[in-house]
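Engineer: After the structure tokens below, expect a handful of questions from me.
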């Protein structure tokens, strides 16, 4: 019940208002959703009438979530424990907080340190409903979901997508036996999968009004932040000063036994990061330009700039562009994981189109290519070059201090040593 409620509210309550677009550009229902979603998001930042009206439902949600967790912590249900360490990267605030940039940074850091990581994900938008789907490198976003496809494309790692993450882990280890650490994209509340390290990602919104769904934006109570191993806070890039750098170990946790794990209490590690657009890549040719070069060359062409974002907080992407001197004439905010209508895109006869990596990965699949070709043929020959006008804004993640990754590796080494020691003791008993 909690997971289904979370998905329903998180998909419905994200800002979707398209700025600078005619009403005819989008269905009326989507415009209505945009206004209602933005209103609910604003209500989640305060304890007003809406919060108190929803509070009884919030109590039901919270009790149901706690009961499900208790089933695993009391061992009435047994969590699946993988044969390799598992790191869960998730959040308690619905919507985009920055999990994907954190996962990309972790994958790069672990690979550079000699680990072979793999990724499991629910795969929002994936068409695999009966069994886990595994792949590596360039994979189809229509089959795997946009985020797993993007992560695999950018890193080359093996991924497995399925709602049951335990089955996804088993399938991934069969697909790539060399994997020695697994990252779970989201799944902080997926108690059926035991985890060795929990990383919670939040942004400048913090815990909002501090209430659980639907009275507030939280999947779990704020006290959950005291139970995880690390809390990573996303900040605007201009606030990521050296004065704030470093790992803050002062926060002590009051850890409840995590299902499937026997972890002793220890301080919660804190670190800060920012995500900033630093390059623009031409979708058709792969050519890359710095923001300054892009503004001088592509940003001043006739027809203006249309910026598209189908992410958790689209306005954050648009603001990032403006901070670089890129001022879109039109913006289109899609739902998170939302598809770009190929026929609508083909009708954009002029101007430069900017989009995120997450949106672009859905345009490079074979299925998307067929749909785009069909749409362009229907729209007429004047739109044949639309893909030549698409640029992808690529982002990098800046960290206050790289010592966070040293901490992750130290924890992994400790976990691996404890596993070997425990396995050795079990062998002796047998």
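Going from the start of the chain as shown, residues are counted 1 onward.
Cβ coordinates come from backbone N, Cα and C, glycine included.
The ATP binding site annotation in TrEMBL covers 93, 94, 95, 96, 97, 98, 99, 100. Annotation comment: TrEMBL describes 242-255 as compositional bias 'Polar residues'. Positions annotated as region 'Disordered' by TrEMBL: 236-264. Summarising the annotation, TrEMBL assigns transmembrane segment to 49-67.
Mind mapping these onto the model and telling me what they sit next to?
Structural biologist: For residue 98 (ATP binding site), the same-chain residues 6+ apart in sequence whose C-beta sits under 8 angstroms from its C-beta are 201, 203, 232, 234, 273, 275.
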Engineer: DSSP on residue 94 (ATP binding site), three-state: which is it?
Structural biologist: coil
Engineer: Please report the three-state DSSP label of residue 99 (ATP binding site).
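Structural biologist: SS state of residue 99 (ATP binding site) = helix.
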Engineer: Inside 8 A of the center formed by the CB atoms of 93, 94, 95, 96, 97, 98, 99, 100, which other residues of the chain have their CB, for the recorded ATP site?
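Structural biologist: Neighbours found: 91, 201, 203, 312, 313.
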Engineer: For residue 99 (ATP binding site), which residues of its chain lie six or more apart in sequence with Cβ-Cβ distance below 8 Å?
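Structural biologist: Once residues fewer than 6 apart are set aside, residue 99 (ATP binding site) is near 89, 90, 91, 185, 186, 201.
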Engineer: Using a 10 Å cut-off, grab the number of neighbouring Cβ atoms around the Cβ of residue 94 (ATP binding site), all chains included.
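Structural biologist: Within a 10 Å radius of the Cβ of residue 94 (ATP binding site) lie 27 other Cβ atoms.
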Engineer: Taking every protein chain shown into account, which of the binding-site residues 97, 100 has the largest tally of Cβ atoms within 10 Å of its Cβ?
Structural biologist: 100
Engineer: For residue 93 (ATP binding site), list the number of other Cβ atoms lying within 10 Å of its Cβ atom.
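Structural biologist: A count of 23.
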